[in-house]
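*Asks:* Structure below; questions to follow.
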């Protein structure tokens, strides 16, 4: 089903769905809550279920500690009898609550609005005791500490938003509907106090490039510390030393014993009983689990653990109340501290040491006992069955689809989390393999229901196409295929739940295995053949083949189970695969093996039958064709090219490229069929009626637009040539179409900030990253051609201008011979004709203001940086794959010294490796990185770049690259977390920093081996000594905080959210604003329920909704949601990700729309600081941003600040685009307008001259923009001359009348000093009359100027009338 069909189906489901019936739940709580006869009221609906009620109870403060209870309706336990997924509508129907008693016989129904529910506590068992303890830990905040301690990285989910200190969102002042002409003209001028304007102007001065914090790592990593203000309300709560409960106490109802230490430093021993919790008489040395009663007969017992601790510790309740106050005071946005739901948080590559903390908690080591069940069996899950069962849930209604998507996302994340944690332990050597006799790259593991293998375990299948490199590559492509099948929701065939973990240079592929695939086949009772031999006793029995469709495990047969054809055909249709026959050449017998019928997928895609009865598909990497053009050109197996060959021959084309090729081919077929019908006269005009039944259907033969996935996958000469040509056509399509179109479009696009954004942009365009070198080369060609074209254009326009000047000169000479009266009449006539012509039609300017040159240069720089950082990642992987984990930090630091510190120390030494460490690894492993020098690393990187990207770096590339940005990219690619400090990347910075650090040198501990001199026998002892070191290069091993795993998983973007979003947008487009906004509000809740609050998808969706709100004029709502989007992007995508930068920019725009300009400037400043870290201080986007900011400042008449921003934008654009560019000319023109407002007419004349010169050269003398600027040049020039003459005249009069003061005309504004004389109603042409210039040119916005230039009417001006 196509996406359009799914959207239509969703719309139909929403239209068919009954309006939501509201329901009020009146919940009676257990008596120990002491609420009397009062009911707890919870708003709900008929569609919600018991699980939703339990979730609501978990949130409500009064009853959030309740975990072990029954839900009774009419005295019947609902969960026990019906389960948690039963809806209230089903409950009402089952109990016939909707029928009136007096009308039961007639069967008449009524809609009830209230439902009474009774919550009854249950007796505890050990499992529910564990659940109660877990809930207690969560309520008091220990789950925050648990996450920090057990996280896969440091400081996950940081944010800086609260540190910006924005003012509260305020509604705009209501504007009158009716306004006078003067108000209409001044609508852009806002009523803001002088004090606020002064604050805004002062803050705007920070927008010069020198003030950006891009290279100040310490400033940029000052993250919010919200959780640090939360105190733990107890000292500790642990499972007591007296646990487990002995048999003689089990019969008395004891379940577990706890030890509690309060903030008052008291220790209590607690018995967990089936009836609740109570303090017992045990101590550290005496066991007595009976209830403790003091001399007054008082004892402490409660059904809830939380209530018991409240009784025992007054500071407990007080601290929890203070925590709530501290959280609310610290931030207005709960998104800042909420824990991520169905995703990992973003882990920063720079970590502030002050944020690293470890809180003491004795119970943390006992968590596995609490959360994995009473016998630990809950840790082992049947992931495959759980997730496949969820996928098989019904999807007939929108609500069912939402529930299904929610469960899928939750289960997939739990799988990814478990798999990642185990993979890290595997890489660290903490888990033994199942096959220890094999080589380490062949190790396999089976742990907690997940099968683990290295990314190179299938290397034997790719001996001829790259071995290990090919194996790693196809593992990622297999995951991509799984992800697409999951998203498309193909039924009848199941894919494996998969994720890939790269950690410290090693890869682990994690999969939930096909049920039964790892089982050893059971041999049945032996049978006897005709000769009396026992068949089961044959010494060499063949292994049981688990594959039933596709290539067999040993590659000798092709299996064709007919039951797999139909479900696999769905996959073939989705990926546009061509049914085809396959022929193999058998190595043993020499006979060819052929398929009997067509395979609907690649032979390498295998079908298996699980013991659960499901059909499974594996090895989905061959769902796109091989990039045969690239492979043939760059992958060479011979010895001569081995050093320079591309690493593997399994290069595959991206699905986006195949889909684009398919769409274009289908469009050609559609056009052809349409033309054929038109030719036959079967297509009638739109105005003619035609029966729907007789209406001609255009049948597009899409089965013609397919490809053979096995083409070029072997040396078989029997492959059909047409199949090969189709694959070759798709391969050529990338270079000939996709890359060229991408480069043509990039002139108008926002250039990526970093490598991750570049990767996403190229992938969306269907371009593989191996083409980076080719794209870089094409950019150079495009840039050179642009410069040549620009030079020719300038020459052409200069020639036109010269010709026009000559024509005007001739005309002036001719007019000089005419009489003055004739000349004046002729001028009046020409002016009238000119004004009439301009009024009738004004040709829009040809100016596009494209940042072509800047975009080409910027993109080229990012591509070079990306190629280098990716190459370094592969070098580091090879360098560290055989090193023990404790030496990897040392190796990484030394490599970075060699790479970045060439100017500081070209031959850095690896110092301070403890002697004892050296005994744990081989000498060859140590020497693999110890002997590296700067020159070695530069050569390694250059070689790797050429090998992987077919691009030759310049010999001095290290001097042309931006080192801080490359440093960041490498950290992301490999997964390194560095200590946040300002690293010196130049010799000057290094020497300055070393001189500053002489007083506080770095202290490190070294284990040294020393010989004893006192003893006669020479004995060696190891001693720990602390040494002060002075850095000899940039980095040391201690600068590395840790490593984080790079995780690729099979989770996908929910389709139901996208479909409802498209439906909501369509309602808005059709003018149904109320329905559209209702759907958007509902969508926010749906999105959060599926993904969780802190999730990248939720963050991006908040951005979308804020944009929609702003478009509809809901500025306050847009500003609020925009702020939340920033926080969620920071915490889930990364504080310096391009998503976060975009969110900051959007949020700044929403604040500006809400007329809170100081807030807007603060957000823009944070965005610029971040992208100066990510890219540098000269990204092309900065030009537009500064220009737009100047517009905002002009609205509040902060002219000086607006001028400073435009001057900064001018310097950047001159650097990036050159002096002669449209955008440079436009900024000159804009600055000149502001300078006029500041009464600096001489300076404005110079600026207008520069703008005119640029536009004349680029647009020609006849362009409307050139003419417009020419008018300003003439107007301001004449006025400057007028002022000069007036000043001279005043001086002469002063000299003549030295005793008399003469009043001079004020020169504060062009409008007040300009006068005009008329003769017979006509303008006088006398030289001593100042020109009539436009007094509002400085107050016009850029959009208004452009509208005026393009001939469009402006709302703030009257149209010119012919005099």
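Keep in mind that glycine also has a Cβ here, set from the backbone N, Cα and C atoms.
Pulled the feature table from Swiss-Prot, pasting it below:
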type     : residues  : note
COMPBIAS : 799-832   : compositional bias 'Basic and acidic residues'
DOMAIN   : 361-631   : domain 'Clu'
REGION   : 172-191   : region 'Disordered'
REGION   : 521-544   : region 'Disordered'
REGION   : 799-844   : region 'Disordered'
REGION   : 1291-1363 : region 'Disordered'
REPEAT   : 29-63     : repeat 'TPR 1'
REPEAT   : 120-154   : repeat 'TPR 2'
REPEAT   : 283-316   : repeat 'TPR 3'
REPEAT   : 1183-1216 : repeat 'TPR 7'
REPEAT   : 1225-1258 : repeat 'TPR 8'
*Asks:* Mind checking how the repeat 'TPR 8' (1225-1258) divides into helix, strand and coil residues in DSSP?
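*Replies:* DSSP composition of the repeat 'TPR 8' (1225-1258): 31 helix, 0 strand, 3 coil.
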*Asks:* I need to check the long-range neighbours of the repeat 'TPR 7' (1183-1216): which residues 6 or more away from its ends have a CB within less than 8 Å of a CB in the stretch?
*Replies:* 188-190, 192, 197, 200-201, 204-205, 207-209, 851, 853-854, 857-858, 1145, 1152, 1157, 1160-1161, 1164, 1167-1168, 1223-1224, 1227-1228, 1230-1231, 1234-1235, 1237-1238, 1338-1339, 1341-1342
*Asks:* For the repeat 'TPR 2' (120-154), find every same-chain residue at least 6 residues outside the stretch whose CB is under 8 Å from a CB in it, and list them.
*Replies:* 30, 32, 64-70, 72, 227, 230, 232-234, 237, 255-256, 258, 272-276, 303-306, 309, 320, 323, 339, 344, 347, 351, 355-359, 361, 363-364, 367, 369-371, 373-374, 420-421, 424, 977, 1041-1042, 1044-1045
*Asks:* So, by DSSP, how many helix, strand and coil residues make up the repeat 'TPR 7' (1183-1216)?
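*Replies:* Reading the DSSP string over the repeat 'TPR 7' (1183-1216) gives 31 helix, 0 strand, 3 coil.
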*Asks:* Over the span of the repeat 'TPR 1' (29-63), count residues by DSSP class, listing helix, strand and coil in order.
*Replies:* 16 helix, 7 strand, 12 coil
*Asks:* The repeat 'TPR 3' (283-316): which same-chain residues, six or more beyond its ends, come within Cβ distance under 8 Å?
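*Replies:* Cβ under 8 Å, 6 or more out: 30, 32, 65-66, 121, 132-133, 136, 139-140, 233-234, 241-242, 245, 249, 254, 257, 260, 262-264, 266, 268-271, 275-277.
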*Asks:* How do the residues of the repeat 'TPR 3' (283-316) split into helix, strand and coil according to DSSP?
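*Replies:* Its residues fall into 11 helix, 5 strand, 18 coil.
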